[in-house]
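Asker: Before anything else, here's the structure in question.
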Amino acid sequence: MGSASSAYRVIYLDVDGRIQKVVFSRFCSPYDIKELFCTALGIPRESVPALSVLDRNTTLSLLDSTGAMVSIDPTMPHNSERSPYRVVPLIGGQLADKEELFQNVLTQVAEQFSRAFKINELKTEVTNRLAMLEKRVELEGMKVVEIEKCRSDIKKLREEMASRNNSNFLDDNKKLTPRRDVPSYPKYHLSQETVEALRQPTFDVWQWEPNEMLSCLEHMYHDLNLVKDFNMNPITLKRWLLCVHDNYRVNPFHNFRHCFCVTQMMYSMICLCSLQEIFTQVDILILMTAAVCHDLQHPGYNNTYQINARTELAVRYNDISPLENHHCAVAFQIFSQPDCNIFSTFDAEAFKQIRQGIITLILATDMARHGEILDSFKHKVDSFDFTDEEHVTCLKMVLIKCCDISNEVRPMEVAEPWVDCLLEEYFMQSDREKAESLPVAPFMDREKVTRPTAQIGFIKFVLIPMFETVMKLFPQIEDVMIQPLKESRDRYEELKQIDDAMNEVQKKKSENLTMGKKK
């Protein structure tokens, strides 16, 4: 009950030789806790104004058994009856200097938060509502239920403020500075077996550590002759890849391994479909680089959450593909660093073309646009013209979409762990949406979705139709991509039948048990 993770904290105080037990919610403010301690000490309420702010002439000092001062806040270390804290009220100006210093620090912090989170428009409203609620929290003569109701209202207000700025992307700016200690990951010598496997959709992406994945990505750029043809500085390429790695977050699914997985699938499609014989080298560069950058700084919560929670990103990008727009922005913030600019040898017009190409492809990964993009491609595919820029751009958009959601193309032992990772991220989001009273998608709800139900519809109605459309241009993908998708669909349908049968047996057992109790 006194742990940091529980809803309530228990603190024991030594009040004139007797042990006083104080219980408070972990959501209480320091002022609430100080008010409780004043009550325990018997300090007159005239010293405690209506807004739970102690009189400037009454300051509490909390000491542990060794005489060390303890901060009075919800995270203070819990103690026991055998080791109570001693509360010492300090009268007068004993802490005037410290209070002045503390006030200066608070003022600076308030200014930083005001600039960073743009919450000035909420300040007056929230202050007034907190004042109204906290005035109601009178410890004397108030019932426990009434107290908890007020605390709950205060908690919701604070969570509402936090949720509006749930993703502090400003903290990520420090990661945009390129590393100077290159090479800081070893240059792995890839065996011929690994080089050949890297070109296949069956490549096992789970066998590799981050440094090894960076080396594999570096190899792809060299193997496709992108470094040679565009006179890239190999050290700049290495620095860029390191900076990209640092700007993928540690999410269950949308992490650096997913970035590597998508890029490796793009590389395998370039090789399998002989795209270098069809596309220009600039197109190949755009495809590979968009794949590498497509989920930079993904927060682990999708666009639906961003929009419904009115996050900073949703407000910034007017609810239009907020995550994908952010991925693009971060990518070009990295390229703006001279030590990470792999496009430094291009003139302004060529760079503009590459920039637009990468942005177009990353924005295409927003699944909200899936129907629109696939329909456009279907109208072009039967009379596809590789000399038509619009046709080629549409194909590149479909290719990055295929790679982004291609896990089920891979062997079962490689694909299935990705399903678990995705569901973990879905459940993390739906739990948060429930806590914030936001709409919850059924396919993300841990109480409604299973692995088979999550995959069957997605494979049947999203993956197979899209890959079959691509197969009209590249028949060679049928055996290595479409056939595995159909096998995966069949496997999940069998699993669903087993789950349904087990649920039916369990249901009958429950009914028989209920009937038996009634008799």
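Including glycine, each Cβ sits where the backbone N, Cα and C put it.
OK, TrEMBL features for this one:
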- H254: active site, proton donor (ACT_SITE)
- H254, N255, F256, R257, H258, D295, D404, Q455: AMP binding site (BINDING)
- H258, H294, D295, D404: Zn(2+) 1 binding site (BINDING)
- D295: Zn(2+) 2 binding site (BINDING)
- 178-499: domain 'PDEase' (DOMAIN)
Asker: Near H294 (Zn(2+) 1 binding site), which of the binding-site residues N255, R257, D404, Q455 can be found within 10 Å, Cα to Cα?
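Answerer: Checking Cα-Cα distances against H294 (Zn(2+) 1 binding site), the binding-site residues within 10 Å turn out to be D404.
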Asker: I'd like the Cβ neighbour count for D404 (AMP binding site), meaning other Cβ atoms within 10 Å of its Cβ, all protein chains included.
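Answerer: Excluding its own Cβ, D404 (AMP binding site) sees 22 Cβ atoms within 10 Å.
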Asker: Hey, what's the Cβ neighbour count for H294 (Zn(2+) 1 binding site) at 10 Å?
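Answerer: Counting Cβ neighbours of H294 (Zn(2+) 1 binding site) within 10 Å gives 27.
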Asker: List, in sequence order, the residues of the same chain other than H258, H294, D295, D404 whose Cβ lies within 8 Å of the centroid of the Cβ atoms of the recorded Zn(2+) 1 site.
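Answerer: Counting only non-site residues, the set is H254, C259, V262, A291, H298, T365.
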Asker: Which value does the mean pLDDT take for the domain 'PDEase' (178-499) in this predicted structure?
Answerer: 95
Asker: Which of N255, Q455 (the binding-site residues) has the most other Cβ atoms within 10 Å?
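Answerer: Buried the deepest by this measure is Q455.
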Asker: Judged by the number of other CB atoms within 10 angstroms, which among H254, R257 is the least packed of the recorded positions?
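Answerer: Comparing Cβ neighbours within 10 Å for the recorded positions H254, R257, R257 has the fewest.
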Asker: Tally every other Cβ atom lying within 10 Å of the Cβ atom of D295 (AMP binding site).
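Answerer: A 10 Å sphere around the Cβ of D295 (AMP binding site) contains 26 other Cβ atoms.
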Asker: Based on the record's binding annotation for AMP (H254, N255, F256, R257, H258, D295, D404, Q455), what whole-number value in Å is the widest Cα to Cα distance?
Answerer: 23
Asker: Looking only at C-alpha atoms, tell me how far D295 (AMP binding site) is from the residue listed as 'active site, proton donor', rounded to the nearest Å.
Answerer: 7
